[in-house]
Amino acid sequence: MAVNMDSEKYYIEKEEVTVDSDDDFKYEEVPIDDDFIPPDLEEDLDLAVRTIHEANEDAIAKASGQVVVKSAVHQKPEVVDDFVRNFLIHMGMWRTLDSFQTEWYELQERGQLKYADIGIVPDVYTRNQELENEIEFQQKEVIKYKDAAIKAKDLYVKLRKERDFHRMHHKRVVQEKNKLIDDIKRLKHHYSQYPQNLEALKVRYEAAMKEKMMANLEKDRALGQVIGLQSTIQNLEAFQGNVIAKTEIIKTMKGPTHKQLLMERQKKSEFASGDVNNQPSDFKRYPNDSDFPVDQGVNPMLNQIKGTLGQAARASGFRLSNSITAHSHAISGETLSFQSHILLSSNTGLPITGVSLHPRKQILATASDDHTWKIWAIPSGEIIMTGEGHSDWLSDCQFHPLGSSIATTSGDSTVKIWDFSKAACVHTFTDHTAAVWSCSWHTCGHFLASSSMDNTAKVWDLNSLRCRYTLRGHVDSVNTVEFLPYSNTLLTSSADKTLSLWDARTGLCAQTYYGHLHSVNHATFNVRGDTIGSCDAYGVVKLWDVRSVAPMASFEVGPHSANKLGFDITCGMVAIASNDSTIKLYEILSGMITSLAGHEDSVLCLLFDSSGDFMVSGGSDNTIRIWS
């Protein structure tokens, strides 16, 4: 074909090609025909909005009608040398790869390799590679799904356990609900009988009050008659004595001489002058004052101390053996009434604030907020005597060391002495200016100490019936006072968080103990007299060494207040009356604390008997509990 083209003849001719240009063309304005726009397409807002909506709908329909055509990817078969190279690279055979490429390119340069001889990798190898990759991916997916299945199984087990737990809890709540419904029905039935009982008790109370008023009227009338008869008898005796004296003067016709009159006047003037130097050596301003006994330093009670071998068993062996409902509402008057049975009252009982045991007999005295004190036979619980006379609540009561009388303290700021033989109050001490909290007898029985809210303690002489000493030093209420047995030492505890030791013979403070952070409610000696126990309003109990003036032990039975404490006869155990309605027993050697439950309200007082066989407690639940 190329040879034919060279042999043909051809020639060249000049031609001019004209280029059409519209630069000289004149354009004219084409007039717009008004009739060209149809009348239904005139400008209108609604028409414009509708036209826009139609245009949008057409565009959407057109877009949805278009089919997205994706470009097809065709995989070109891989040549053999590239396959070998990829395989060697994949396997990390670098030296083999270098040898292969060197030899391959040498052969290619020499022209010994032809494209037709090289060929391509058969499709089966490529397919095998893809399948291996797919298998590897599927294995990873299987491991992932296995982990998810294990987690789902654990979650299922957990949810099933929670379901069982909530189902069981629901059943328990339903059972408790049914039980509460039954209890409410039972209580409603029980309380439905209360109005009738209260009405009957109200009638009995009104009848008792009427009888009491009648008895008081009869008593006042009888007292008026007695006073009238006594004044008549005194007038008769005075008149009779004057008659006898006049008769004797008339018979003797002699009166006192002038010398005797001068001597008597001189004695009176010397006494009135108050000059001690003019008084005789044996002169006493208060001749009836008692002398404090000489401190022998021997405590006979030490012989009663038992061994401490069974102490642990003893502490855990206390059990409630008897309970006595003791006091009722207050009764006015100042007499002692002997009773053969327990007084019954329809009023609510008031707390028992103090207990005391007779020194020789199985007799217990109790003081209460109902303005009375009572004496009981224990453990039978039979009432023996009731004392009435204080005008306010009683705080404490203590038997005389001989057991012939009893002292009581009250919120009316008085201390009363009651004689059992006379069945009456024989004296009332009124020097305190605030409520009196406690009292304690000296072992000789001639002195009585009392503590008061007026920040003082007083020592009273029972022979001269006057205050011998006023112990001043505390800056807050003195809550308790106690004589160390067979000594002249006094122990006081106060709301100023301190304890003090006093010499009753001089009224001076010998030692003060600091350590409590709250008001000290009570303090007492053990039988040996070498340890002091104290408790405060936050339940903290401290045991003090008297000689070293330092706490030996400190423990808490709170957060409720510890009201009173006492040592047993072995001096190895301390009992604490707590506001949480229990009695705490603390063993000094082991430090173990045991609780005795039995009271239904705060325990206010407790006391061990002298033999250590039982313990007596009283509380706000109006009962006396005997523990043995």
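Including glycine, each Cβ sits where the backbone N, Cα and C put it.
Matching 9-36, 121-148, 289-316 against TrEMBL, the residues noted as coiled coil span 121-148. Packing against the repeat 'WD' (513-554) from elsewhere in the chain are residues 299, 301-302, 304-305, 476, 479-480, 482, 484-485, 487, 491-501, 560-567, 569, 571, 574, 576, 578-579, 586, 588, 591: each is 6 or more residues past its ends and has a CB under 8 Å from a CB in it.
Of the candidate ranges 352-386, 429-470, 471-512, 352-386 has the most C-beta pairs within less than 8 angstroms of the repeat 'WD' (596-628). Residues of the repeat 'WD' (471-512) grouped by DSSP class, helix first, strand second and coil last, total 0 helix, 25 strand, 17 coil. Nonlocal intrachain contacts for the repeat 'WD' (387-428), taken as residues 6+ away from its ends with a CB within less than 8 angstroms of a stretch CB, comprise 331-338, 350, 353-361, 365-375, 434-445, 448, 450, 452, 460, 462, 465.
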